[in-house]
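Notes follow the structure.
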């Protein structure tokens with residue numbers, strides 16, 4: 001930090017499931033909040049999945065870390081290991097994806113999100129601008145990331161994808177970094193980050209087509225605007241990697257109520273173990289209290305409720321809110 005002339009903020013990469021990724025990150029974020037209160041903190045958090053599970057207690061760690069970092073983090077991009085795993089298998093024909101395969105794909109996404117800080121473009125956006133556009137309420141700060149095109153070199157050799165094709169692909173759940181179904185949720189915000197050989201005219205046409213074709217529902221208190229960034233630097237790939245070198249790509253960041261499905265899945269797994277107090281003694285032995293578990297779980301229940309509430313129409317009368 002001392003070497004920086006104009007520090008904008010911190011990017012923190014961690015997993016939810018492991019002890020270090022969850023525990024140490026929580027401590028680190030708290031320290032950063034104390035020492036650099038005004039600087040923004042963005043997380044890239046790896047959400048646990050059954051395919052590449054490292055610990056039985058992943059649901060505990062995930063809930064505990066989400067609770068402690070919820071107040072500290074300005075924006076968190078969740079990456080669901082299962083979603084990445086499936087993309088590698090389906091789009092890249094990798095039968096048994098390794099961490100390297102998964103990480104290269106995640107790297108591509110991080111690169112897209114930070115491209116606007118690093119290169120020039122027609123419609124450039126910086127880190128703070130994302131937050132302003134994507135985070136309507138402090139707690140609702142988990143955008144869904146979708147990336148396209150994810151194709152292997154063999155496939156790309158035969159086809160180059162147009163702006164409208166890659167834009168359309170962003171609305172396919174199979175290209176999302178978290179398994180959830182936005183068709184069942186409502187959007188609060190939507191940012192499209194294009195890079196490479198892309199002109200505004202094509203983007204406008206692609207988005208107009210999406211608005212007419214797709215049933216994209218925005219919450220009624222939000223204008224149905226898509227924020228667009230265009231960056232002229234085409235995506236680069238790791239030499240000899242899985243991903244094809246393409247002329248244009250897009251990364252979509254959307255804040256949708258559908259991502260609450262991910263919390264619901266974790267909460268359910270937490271509940272199954274916690275009902276039996278399984279494995280809790282290990283945490284208590286390290287100086288934690290059982291109360292911290294229920295406190296964290298209640299906070300997550302409140303988060304699910306927050307998502308439910310932002311999705312309900314603001315026109316509904318007060319009395320109707322009682323039923324839930």
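Cβ coordinates come from backbone N, Cα and C, glycine included.
Straight from Swiss-Prot, the features:
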{"type": "ACT_SITE", "residues": "129", "note": "active site"}
{"type": "BINDING", "residues": "15, 19, 20, 54, 81, 103", "note": "GTP binding site"}
{"type": "SITE", "residues": "324", "note": "site 'Involved in polymerization'"}
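For the binding-site residues listed here (15, 20, 54, 103), the lowest count of other CB atoms within 10 A around the CB belongs to 20. Between the CA atoms of residue 129 (active site) and residue 81 (GTP binding site) there is a gap of 27 Å, rounded to the nearest whole number. Around the Cβ of residue 81 (GTP binding site), the number of neighbouring Cβ atoms within 10 Å comes to 25. Packing around the residue listed as 'active site' is summarised by its Cβ count: 14 other Cβ atoms lie within 10 angstroms of its Cβ, all protein chains included. In the three-state DSSP classification, residue 15 (GTP binding site) falls within a strand. Residue 19 (GTP binding site): 17 other CB atoms within 10 A of its CB, across all protein chains. Taken residue by residue with DSSP, residue 20 (GTP binding site) is part of a helix.
Secondary structure at residue 54 (GTP binding site), as computed by DSSP, is coil. In this structure the residues listed as binding GTP are 15, 19, 20, 54, 81, 103; their two most distant Cα atoms lie 19 Å apart.
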